[in-house]
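J.: Structure incoming, see below.
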């Protein structure tokens, strides 16, 4: 039902400030989940099970982190047919993020620019929200560092968040690729990444012993990487036996949107313009890691054909964000059906 109404809703939402529309939508989805009205949103999406990271996904099309930073609308979002939900990014302490305005639509390019800056209510509130959700499907919890934590002490923030979210996560994503937290992408460097992943894997094993379950770790990387950087990241993922990698986050490049309104705004660009760059990183990364580190492909998916292209490049699963904002819930079913068709062909 909601899928058919979304074009009308979008017309109204797109007349609003982008962040105001975002919050309004989240509040509505959160209320629907809390009151049991989520069933009215339910989308008819066929099952297309896939096992990745030792987890069985209802279908291979998930929601990317960033839409629901605090995990406040999990049940409402789950009703839209996603095979898995990822929420966050969350940091140890609450923080307001960057000053507004900080989210901009580029409709001519079917894109968004954001410089949100990990705005969230902190990991303690995040965990309460996750615990309150009734959703029992695959839930990824995405963690980051506070803006005022020196980059040299970033590992402390990730380790703290990992310990707090671990009991409630199907998998945990380590976000080191947002362009909106100063120096964060330095953690993608070979030495920094090696040290961070070593600490996280050690913590993961100790938490697995404590809780009696191994929760997989996924690393989220940027599209703005050269061939050598992709190779180094691939080698590091293999060496530390990281369970998955999410490719990719937003881009700093403006090559595809030059001259458009808001194109010069600072922040990460997402949507259709990042599709090719994301796919290229997926292809190169898959050449390095093969099937030993499953890739979750995200960036610029606006159709079932786009979703299949991610899998053809080497991804095992896909996630939606900006395409979902522009296309609505109908995109989820379209992607699942396209992937199922190609798989059976």
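Any Cβ shown, glycine's included, is placed from N, Cα and C.
Relevant sequence annotations retrieved from Swiss-Prot are reproduced here:
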type: ACT_SITE; residues: 178; note: active site, nucleophile
type: BINDING; residues: 65, 66, 67, 68, 69, 89, 142, 175, 220, 248, 271, 300, 321, 322; note: FMN binding site
type: BINDING; residues: 69, 114, 115, 116, 117, 118, 175, 180, 249, 250; note: substrate binding site
J.: Under 8 Å Cβ-Cβ from residue 175 (substrate binding site), six or more apart in the same chain: what's there?
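T.: Residues satisfying the criterion: 65, 88, 89, 142, 143, 144, 220, 249.
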J.: So how many other Cβ atoms are close to residue 117 (substrate binding site), meaning within 10 Å of its Cβ?
T.: 19
J.: Please identify which of 69, 115, 220 has the densest Cβ environment, defined as other Cβ atoms within 10 Å, among these binding-site residues.
T.: 220
J.: Name the one residue among 115, 117, 178 whose Cα is closest in three-dimensional space to that of residue 69 (FMN binding site); these are the recorded positions.
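T.: Minimum Cα distance from residue 69 (FMN binding site) across 115, 117, 178 lands on 117.
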J.: Given the recorded positions 67, 178, 271, 321, state which is nearest to residue 117 (substrate binding site) when distance is taken between Cα atoms.
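T.: Spatially nearest to residue 117 (substrate binding site) by Cα position is 178.
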J.: On the three-state reduction of DSSP, what should I expect for residue 178 (active site, nucleophile)?
T.: coil
J.: So how many other Cβ atoms are close to residue 249 (substrate binding site), meaning within 10 Å of its Cβ?
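T.: If we count other Cβ atoms within 10 Å of residue 249 (substrate binding site), we arrive at 26.
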